[in-house]
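Annotated features in TrEMBL:
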ACT_SITE  Glu99  active site, nucleophile
ACT_SITE  Glu103  active site, proton donor
DOMAIN    19-213  domain 'GH16'
CARBOHYD  Asn107  N-linked glycosylation site
SIGNAL    1-22  signal peptide
Amino acid sequence: MSSKMCWFFSFFVCLMLSVSLSTSSKFDELFQPSWAFDHFLHDGDLLKLKLDNSSGAGFVSKSKYMFGRVSIQLKLVEGDSAGTVTAFYMSSEGPNHNEFDFEFLGNTTGEPYSVQTNVYVNGIGNREQRLNLWFDPTKDFHSYSIFWNQRQVVFLVDETPIRVHTNMEHRGIPYPKDQPMGVYSSIWNADDWATQGGRVKTDWSHAPFIATYKSFEINACECPISVAAMDNTKRCSSNEDKKYW
């Protein structure tokens, strides 16, 4: 087997292991609202975030993590969603933060839904990539995941990798590996850029815009606030018990 084939085999074994060890949790076990509490709607096991012309809404994980896998199942805004953005992302804090973004860009009815991914390292982004989803994400729930370890950051849609950001430190390129990150999601109005470069504005007659969530999963190395970043990095690196990190 070639070294390249071995790498891909090892990569997918890691993903399969992380999937097998993940368990779905209720929203309030892992997350809490971060703004616009009155724009949260609970329907059994479903969580809905509402955007109207007064506010969007967002939530954040109760803990921060370094390496592992986070996932949600999401059904995006139906109908004319132009101008809206629904985001699922991980981020550390401060001006030199690291961040991994899923941003789902609203569209006028009948157009494909685009997902934009981005990676920030030490406060610097400008790594946007866009992809038209190969299904209608407003008709049913689909899984969106971020897998992160010291070698790579992988964005997955329904377990299909759509982007891999590889550690290239040997070429002098910084890699996000030393800052614990929270897990976030939000919906907001971004009609200055989200749809056709901002040419199509949000039509508030279609409000409220609703994004619906279920099956929250975090299978990652939790980082206590009291532990120094260097110690967290060492503790969360691969070991005999957690090779997939």
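Using the three backbone atoms N, Cα and C, a Cβ is placed for every residue, glycine included.
You'll find the Cα of Asn107 (N-linked glycosylation site) roughly 25 Å from the Cα of Glu99 (active site, nucleophile). Sequence-distant contacts (6 or more apart, same chain, Cβ under 8 Å) of Glu99 (active site, nucleophile) comprise Tyr89, Met90, Ser91, Ser92, Asn118, Val119, Tyr120, Gly125, Met181. When Cβ atoms from all protein chains are considered, those within 10 Å of Glu103 (active site, proton donor) total 19, not counting its own. Per-residue confidence over the domain 'GH16' (19-213) averages 94 (mean pLDDT, predicted model). Cβ-based neighbour count (10 Å, all protein chains) for the residue listed as 'N-linked glycosylation site' stands at 23.
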